[in-house]
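Listed features, source Swiss-Prot:
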| type | residues | note |
| --- | --- | --- |
| BINDING | GLY10, GLY11, GLY12, HIS13, ALA14, GLY15 | FAD binding site |
| BINDING | 267-281 | NAD(+) binding site |
| REGION | 216-239 | region 'Disordered' |
Amino acid sequence: MKGWNVIVIGGGHAGLEAAWAAAKFSRVALLVGNPATVGRMPCNPAVGGPGKSQLVFEVQALGGLMGRLADDTAIHTRMLNASKGPAVQSLRVQNERDAYAERAQDVIFGHSEIEIVRGEAADLEQDGQGGWVVVTSDGRRLHARSVVLAAGTFMRGVTWYGRQSRPEGRQGEPPSRFLSAPLERGGHVLKRYKTGTPPRVRADSVRFADLLEIPADPQPRGFTGTPGPRAAESPTWQTHTTPQTHALIQENLHESPMYAGDIEGLGPRYCPSIEDKVVKFAHHDRHLLFVEPDGVQTSEVYLQGFSSSLPPRLQDELVRTLPGFEQAVIQRYAYAVEYDVVDSTELTLNLESKKLPGLFTAGQLNGTSGYEEAAAQGLVAGTAAARRSLGLDEQVIGRETSYLGVLLDDLVFKGSDEPYRMMTSRVEHRLLVRQDNADERMTPIGHALGLVDDAELIRVQEKYARVQSGIKSLSKQRMQGQTADAWLRRPELSLADVETLGATLPAELGASEREAVEIRVKYAGYIARAESQLRSEAKARELSLSGVNFAGITALSNEAREKLTRLQPQTVEQASRISGVRHADISALLVHLKGQRVGS
């Protein structure tokens, strides 16, 4: 009887990170239906963006894969929100779609501690000794101490093209027919969610001269550092819907399975279909769309923002109402997919089932959307599964430490009634958990977890020692009656501007270190206030709410007032864990408690 410490089911972004992380501890089996699909980007050919790049930087700092794969296959990089503060600046990397999957397969298939097992998981059984048996559809029984289930959109998956449906997990791939049953048998309540993907259009049928070109940033950036020169680059482009697009959709809503009532699953609020945009935002006369190449020498482009479940013949008409797409030929049609998800409040903060110990879940199965959210969960689940299999202590990544901590905390304590997407607005202390300091924050955590080796920890520590040296150097240099750091704190001046005034930094500082110096000096006051607020909130969360009349606190949102009155939490910490109670509501509670103390 062959066994492993961990079996990972599914080779998407969550499964990749889970297998990679678990393999740092012991031998792992990666069970996939078709190894050729491992690491595929089934939706947009890009990584990062607001709220998402921060997760990728954190995964990278924890020893994960996604940032490295994205950098290795990048064809276009842009820093989004570059004109805003560092708390919301977010890297977005456009990737060569096929190359990304090929690179992922090279890394995973070449790993000495990861065994690729081909087959379909048909059942999950507890072995009576704290371990698990994965039963395949051809009758094999695979034994492991822990299992990570990362089934994506495949569990009882159904794709929709207009009113026609097919049993698929995604286009052309069969669903997971059996895995929902053992979860339900074990007491899990499953929900149905829905997502969608846009059409892919033949690149040679698009008039790119009629589109707005979006060039890459002049200086390429990456998740793993400053990348070297690329073999090839490509711009992206922008177009938009027209009144003709909107009219055609309105006239044919009866052919949408969502509006006809065929689809039961809840769709993503922050990534709506083009039908939803036209119906829910009818006051807009156009919606921006982004045209993204699948690669430099690609034969097709991806129409970001145009996901749809309308029938193919209508998609042909709709796409040709867009500027630059009048002669467009669709190579692969858009579709919606409906699938099972677990209730994430039935998981621990390490994504282990509270009902089925030793079973971990990650990715879209947990009700999230997006590659980045999936990768982050996969790393957590794979690490926790491996540590459990070896009898090691649990380690929890706290909400205050990272975007990853917020993601876990939201899933477990708040849950979601729709596909969850990470955004900067979900993070209370985002000035402290920026993408630029992810390595400083997360590398020590990765080292403590066993994911990062001593050499990497020392490298990061030495990097930030150089950063501190640079900051100290600026504080000692005077120009025109002021220190260099005082000049740098002026909002209109950059570090380069201050250097033209005569300031110098140690020559050994690299680009990322210079950026860290600039951010820490320029935003020193804001950062200090945020740190003070975080310390105050940590103390405040221990405050008692016993006897508080929540119904009488008018500053609370209606939802928070109703839930607090019904659930009667005894501490601020407990109140903050209730779904629908937001950071603003907690602040209102703290103001109320302070007023009570003053009044008494």
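Going from the start of the chain as shown, residues are counted 1 onward.
From the backbone N, Cα and C atoms, a Cβ is placed for every residue, glycine too.
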Can you list the residues of the same chain, besides GLY10, GLY11, GLY12, HIS13, ALA14, GLY15, whose Cβ falls within 8 Å of the FAD site's Cβ centroid?
-> VAL8, LEU16, GLU17, ALA18, VAL38, ALA150, GLY152, ALA362, GLY363, ALA374, GLY378
Whole-Å Cα distance, GLY12 (FAD binding site) to LYS277 (NAD(+) binding site), is 28
Using C-alpha atoms, which one of the binding-site residues GLY10, GLY11, ALA14, GLY15 comes nearest to ARG269 (NAD(+) binding site)?
-> ALA14
Roughly how many Å separate the Cα of HIS13 (FAD binding site) from that of LYS277 (NAD(+) binding site), to the nearest whole number?
-> 28
Which three-state DSSP class does LYS277 (NAD(+) binding site) fall into?
-> helix
Among the binding-site residues HIS13, ARG269, LYS277, the one whose Cβ has the most other Cβ atoms within 10 Å is HIS13
Find the shortest Cα-Cα separation between GLY267 (NAD(+) binding site) and the binding-site residues GLY10, GLY11, ALA14, GLY15, and name the residue that gives it.
-> ALA14
Return the member of GLY10, GLY11, ALA14, GLY15 nearest to CYS271 (NAD(+) binding site) in space, with distance defined Cα to Cα and candidates limited to these binding-site residues.
-> ALA14
GLY12 (FAD binding site) has its Cβ surrounded, within 10 angstroms, by a count of other Cβ atoms equal to 31
